[in-house]
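Student: Features from TrEMBL:
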- Gly10, Pro11, Ala12, Ala13, Ser14, Gly15, Lys16, Gly17, Thr18: ATP binding site (BINDING)
- 6-211: domain 'Cytidylate kinase' (DOMAIN)
Amino acid sequence: MTPIVVAIDGPAASGKGTLSQRIADAFGFAHLDTGVLYRAVGVAVLREGGDPADNAAAAKAAYALDPDHPILREVALRTDEAAQAASKVAAVPEVRAALLDFQRRFTQHPPGGAPGAVLDGRDIGTVVCPEADAKLFVTASVEVRAERRLRELRNRGIPAIPSDVLEDMKARDARDSQRAVAPLRPAVDAFVLDTSALDADEVFARAVAHIGSKTGLRPTA
Ligand SMILES: Nc1ncnc2c1ncn2[C@@H]1O[C@H](COP(=O)(O)OP(=O)(O)OP(=O)(O)O)[C@@H](O)[C@H]1O
Ligand SMILES: Nc1ccn([C@@H]2O[C@H](COP(=O)(O)O)[C@@H](O)[C@H]2O)c(=O)n1
């Protein structure tokens, strides 16, 4: 049977990763955080002493990435340096082409023989899986998102300056939504969920209702 595909897009710290993992657990689907792929490419370029905005260096690192590559599990991918490098390599067309195959293979053959896949990122509903069974675009004001990221960093014991976090988020939003290739935007048929005033449980409930309306499925766990 063809696996069910749920596409969840949105800007940084909107809560799409949290939601995607919960949806995957609830429906017994596999989850792919596609931001990790771009972060891995960005970090690989930095480690080679290269510039993430350099097309050739970024493309080489993207084509070298496979699902078993150990870099995909490194904590170093969660840093702001990795996020900024990711959003630079993400503007390189060859990088996006290389990672497109990786992501589509995941939807066609979800790990563990799962009956479906949840992918979260920036262009899942628009480019990677335009035929997804359900599409959500999770967003929140930039101030709310910066506040969430700040709390998350502090909980991890990482010192952070509020104005820097806000400025970095604005810079990443601008790069992600203004790039020529696969810019961040909701698919025309996406369910847009503004989470600014919603807690994670409310977001989950609304997402489950939407996925149910599109697929007829109910959570199994
Ligand atoms: N609805 C919510 N209300 C409050 N906090 C939330 C909500 N959803 C997620 N969070 C928290 O906000 C932070 C960012 O969430 P998450 O990592 O899921 O966002 P993201 O969109 O995947 O971010 P990124 O693109 O940077 O990986 C986390 O600390 C998470 O626990
Ligand atoms: N489908 C995607 C996913 C991510 N990106 C780029 O990677 C950066 C990091 O992503 P996070 O989800 O981990 O924050 C992000 O800012 C994008 O530039 C992408 O382009 N497409």
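A Cβ is built for glycine as well, from the same backbone N, Cα and C atoms used for every other residue.
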Student: Looking at the domain 'Cytidylate kinase' (6-211) alone, can you tell me the average pLDDT?
Tutor: 96
Student: What does DSSP call Ser14 (ATP binding site) in the simple three-state scheme?
Tutor: coil
Student: Return the residues near Ala12 (ATP binding site) by Cβ distance under 8 Å, restricted to its own chain and a separation of at least 6 in sequence.
Tutor: Ala83, Arg145, Arg149, Met169, Arg172, Asp173, Asp176
Student: Please go through the binding-site residues Gly10, Ala12, Ser14, Lys16 one by one and keep those whose C-beta falls under 6 A from any atom of ligand 2; give the result in sequence order.
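Tutor: So the answer is Ala12.
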Student: Within the same chain, and leaving aside Gly10, Pro11, Ala12, Ala13, Ser14, Gly15, Lys16, Gly17, Thr18, name every residue whose CB is within 8 angstroms of the centroid of the CB atoms belonging to the recorded ATP site, in sequence order.
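Tutor: What remains near the Cβ centre is Leu19, Asp120, Val138, Ala140, Arg145.
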Student: Looking at Cβ-Cβ distances, which residues of the chain lie under 8 angstroms from Lys16 (ATP binding site) while being 6 or more apart from it?
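Tutor: Counting only residues 6 or more apart in sequence, the Cβ neighbours of Lys16 (ATP binding site) under 8 Å are Ile8, Asp9, Gly10, Asp120, Leu136, Val138.
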Student: Which residues in the same chain, at least 6 apart in sequence, have a Cβ under 8 Å from the Cβ of Thr18 (ATP binding site)?
Tutor: Ala200
Student: Including all protein chains displayed, how many Cβ atoms other than that of Gly10 (ATP binding site) lie within 10 Å of its Cβ?
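Tutor: Taking all protein chains shown, Gly10 (ATP binding site) has 28 Cβ neighbours within 10 Å.
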Student: What count of other C-beta atoms do you get within 10 angstroms of the C-beta of Ser14 (ATP binding site), across all chains shown?
Tutor: 26
